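*Asks:* First, the structure itself, so that you have it in front of you.
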Amino acid sequence: MKILMSNDDGVYAPGLLALYEALSTMAEVMVVAPNSEQSGCASALSITTPLYTHQLPSGFIAVNGTPADCIYLALNEIYSDTDFDCVITGINSGANLGQDVLFSGTFGAALTAQLFGIPAIATSLVGGGAKSSEQECERHYQMAASEIVKLLTDTPILDICKNLPYHVLNVNIPDVSNADEINGRKMTVLGHRKIARPVHHVVDPRGRDAYWLSLRKRQDIWADNTDHVSSGTTMTDDQAVAAGYISLSPVRLHHTPAATLDMLSALML
């Protein structure tokens, strides 16, 4: 098996390293990732600036671009002669729940892979070990990585993904250090936050107004998601991780809802 990896936290991120080490026990793994953090850039491509690559002693390839750039470059140039079985991105530092997928570079990289017909899985550690010491944080990522390997080896998820074109599997893993703290896996739908992330206004040393779009949220407030749930037993992704489950959300690239399209067509035409 051949797996291509990337992320949005950068080529030196602990989540990327932990996942690489875990996946390398079961597959040949290649890494092409940004040379610096690219959180929040979604599936943006660099079309006005050139991209440069640098191979690290680890064999990882660093790119001065976005996560989507990395996948685009890997599939069409660097590893264009390689038939990858799948692309796995992450492990992201922090959750990618609900509408996070619209902004996440980790998800955007997986999305780019699917546009080229490669099965893709985006992975995130909810909390990203933020509550832990550096050593404990490393254990959390290692635990999350081992759960991803179990998902690939103990379930037919890769075969399922291969038969679901234009879908990305979005995986969120609770931030714990021991596997026995995880209650299992749940298939979920994306949740929905009721409030936007705050904007912080500051004045820089030259007296100019400056604004920070905060990626570290205040307390999340989640909407009632019952209208998105397909059955009474289906959880949203945020509900699942809050209950100690690994959340698995299939996300379809085809965003046009057929029922809404039919309704509007009947009204407009």
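Note that Cβ sites are derived from N, Cα and C of the backbone, with glycine treated the same way.
So Swiss-Prot has the following annotated:
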- Asp8, Asp9, Ser39, Asn92: divalent metal cation binding site (BINDING)
*Asks:* Counting only residues 6+ apart in the same chain, whose Cβ is under 8 Å from the Cβ of Asp8 (divalent metal cation binding site)?
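*Replies:* The list for Asp8 (divalent metal cation binding site) reads Pro34, Glu37, Gln38, Ser39, Gly40, Cys41, Thr66, Pro67, Thr89, Asn92, Ser104, Gly105, Thr106, Gly108, Ala109, given in order along the sequence.
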*Asks:* Within a 10 Å radius around the Cβ, which one of these binding-site residues has the most neighbouring Cβ atoms: Ser39, Asn92?
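*Replies:* When each Cβ's neighbours within 10 Å are tallied, Asn92 tops the list.
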*Asks:* Translate the DSSP assignment of Asp9 (divalent metal cation binding site) into the three-state scheme.
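*Replies:* Once the DSSP labels are grouped into three classes, Asp9 (divalent metal cation binding site) ends up as coil.
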*Asks:* Determine, for the divalent metal cation site, the additional residues of the same chain whose CB lies within 8 Å of the mean position of the CB atoms of Asp8, Asp9, Ser39, Asn92; present them in sequence order.
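*Replies:* Other same-chain residues with Cβ inside the cutoff are Asn7, Gly10, Ala13, Glu37, Gln38, Pro67, Gly90, Ser93, Gly94, Ser104, Gly105, Thr106.
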*Asks:* Among all protein chains shown, how many Cβ atoms are found within 10 Å of the Cβ of Asp9 (divalent metal cation binding site), not counting that one?
*Replies:* 24
